[in-house]
Amino acid sequence: MSGAGFPGDRPVPSGPSAGTSCPDSFAPRRRVVSSAGVRGESEIRDVLHGRLRAAVFVLSLCFLAFFVVNAFSPGVLTGILHLQGVVVVMLMAATALLSTGWKPSSRRLRIMEAVVFGGVGVYFIIAIYLGMRLRLGVEADGAWQLADFLKSALSCMLLIIYTYAIFIPNDARRAARMIAPLALTLLVAPSALALTTPAFRALLGTHPALSFENLGEHALLLTLAASTAVYGAHTINRYRAEVLHSREMNQYVLIRKLGAGGMGDVFLAEHSLLKRPCALKLINEKLDQNPTALARFELEVRATARLSHWNTVEVYDYGRTDLGAFFYVMEYLPGCSLQELVDRHGPLPAGRVIYLLRQACGALNEAHQAGLVHRDLKPPNIFAAYRGGQYDVAKILDFGLVKPIHDERSSVLTLEGVVTGSPLYMAPELIVRNHEPDARVDVYGIGAVAYYLLTGRPPFLGPDAMAVMIAHARDPVEPLSAVVPGVPPDLEEVVLRCLEKDPADRFQDVVSLARALEACSDADDWSAERAAAWWRTHQPIEAADQPPPPPDRETDREALDSLNHVDFQAIARPGPREPLDPELTIAEDRGHPARLLPHGYDATRDRSPSESS
Ligand SMILES: Nc1ncnc2c1ncn2[C@@H]1O[C@H](COP(=O)(O)OP(=O)(O)OP(=O)(O)O)[C@@H](O)[C@H]1O
């Protein structure tokens, strides 16, 4: 047991001065490598490259067909024919270029896409303008010819719009940004003609062929086509995203969903090469569009990655999927959160609370020494995990609200509403803002979590979030022994001191809090052995979450022998990958064993404190 009051056999800072006297000991030992993003980027590029090539090829065939038909039709302007010929040659050249080994960046591909479709739009403006002027000159049935011409121009434009929507991968917003100007090109030429040609103006709205009802119908059709094209692009994009999310995310294979939080879904996943299980948190699509939420997400990842304490969840990686969704990967924690532990088994005995929270203090001490305050400590954010062959290893996660103590920028980032964090466990100074939040906010958080673990309810309850927050700021907390008889007085005193309204009246840091917990009479009442016995009887950890068995030496030797006969060329040229089959469920496909914790677990089961000990 360390002098700072933190249990566990891992190297942890051993005193209040650990961080300040030797800041290097808190230097980041892990680095977040966003390799996933790198691979995702090349995948996006490849998808875009192939799709753009197909789109340009289809367009060049369509334009070639019209060029051939027009070349043999009388009455087509030579100027338009020449222009069409130029467009055909350019589209074919672009198809040929995209079919060579040339590997442009995504940005260049997007520029090329804009040039191709923008060029087609410009061609349409010129061709429609010239074509309309030509037909206007025909004396007898000019207006009817003009209307027919507009109708066929409309059909061609619909073909182009749908080609764009089907082939080019886009989200709805980007699809709209490209499709709307394409659709509007149909309005540009008639508007220009109306401005420059009085004869056309005279026909507009008066001649039955150019009546406003007729033109309005065209406009309606165009608007509907453009809207369905945008919606279609969005749907294709989302369906593809769902298929990808359901199976693979860069180099991670998703096995099953672990749960969902405020920022997004969490999946049990496996690195495809390392075969290491991990938890992958995928940020919500809605938040994806929100720069503040994204900044908060990155802050969460970076803040956690700066910490190296055994009782802080380890971050392995972060990046973006090929569709641009953010995710990060952390160590997978077999076990459950303290919230789930109390939900399933009722309030915890004093010794176990002390055992878990002293470890949490160790992790927080490192964060505080590094200038970070968690600010959102709550039972769901602390895990009782099975790690390194030990049970009840406390792990702090979700550093989403971590705030560097003197970082103005990040304090703004956490301000998405009036206050951030869970109202049930929130320190008064976060609500009243009469005091700059510092590490003592987390001392309050630990006290509130301890209150919940010992009594099964948070320190303050109320009809809504505001009522609870006001209670934190104003009302005296009900003594724990009044809620649950039998809470040891010394532990109750520690918890109530953590929950003092004025930070000056609390423990001034988590080191003194850990020492006070260690000094409680029940501190030695729980141990690694007791934890192991409890988990075995109450909630066995599945074999899938146990360390893998030692390797079979015979198999190893065979594997080594086989290395002498490796077909390196085959490795350099991997065969085609099996297509994704959205019908398969992830778990079935992976042949993964059943869940660690069954869904629909009866929360009222095993509720008595005695049973949970
Ligand atoms: N590293 C992990 N290992 C195992 N399970 C995890 C891990 N991280 C999260 N989970 C589980 O995934 C679910 C969602 O976690 P998450 O942290 O997003 O929830 P939350 O704390 O409610 O989120 P938030 O604080 O953003 O509102 C929870 O049930 C949690 O138990």
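The backbone N, Cα and C atoms fix where each Cβ goes, glycine too.
All TrEMBL annotations are machine predictions without curation.
Predicted, not measured: the structure shown is a model, and the values here were computed from it.
If you look up TrEMBL, you'll see 1-27 (among others) marked as region 'Disordered'.
Residues or ranges marked as transmembrane segment by TrEMBL: 54-73 (among others). For the transmembrane segment (54-73), the list of distant contacts is 80-81, 84-85, 87-88, 91-92, 94-95, 98, 113, 116, 120, 156, 159-160, 163-164, 167-168: same-chain residues at least six beyond its ends, Cβ to Cβ under 8 Å.
Sequence-distant neighbours of the transmembrane segment (79-99) (same chain, 6+ residues past either end, Cβ-Cβ under 8 Å): 49, 52-53, 56-57, 59-60, 63-64, 66-67, 70-71, 112, 116, 119-120, 123, 126-127, 130-131. Feature annotation from TrEMBL assigns transmembrane segment to 79-99 (among others).
Taken from TrEMBL, the feature transmembrane segment covers 111-129 (among others). Packing against the transmembrane segment (111-129) from elsewhere in the chain are residues 48, 52, 55-56, 59, 80, 83-84, 87, 90-91, 94, 98, 104, 149-150, 153, 156-157, 160, 164, 168, 178, 181-182, 185-186, 188-190, 192-193: each is 6 or more residues past its ends and has a CB under 8 Å from a CB in it.
Summarising the annotation, TrEMBL assigns transmembrane segment to 149-167 (among others).
Annotation source TrEMBL lists transmembrane segment at 179-200 (among others).
Annotation source TrEMBL lists domain 'Protein kinase' at 252-518.
Per TrEMBL, the feature ATP binding site maps to K281. Mapped onto three states, the DSSP output places K281 (ATP binding site) in strand. With a 10 A radius on its CB, K281 (ATP binding site) counts 26 other CB atoms from all the protein chains.
What TrEMBL records for 568-613 (among others) is region 'Disordered'.
Positions annotated as compositional bias 'Basic and acidic residues' by TrEMBL: 602-613.
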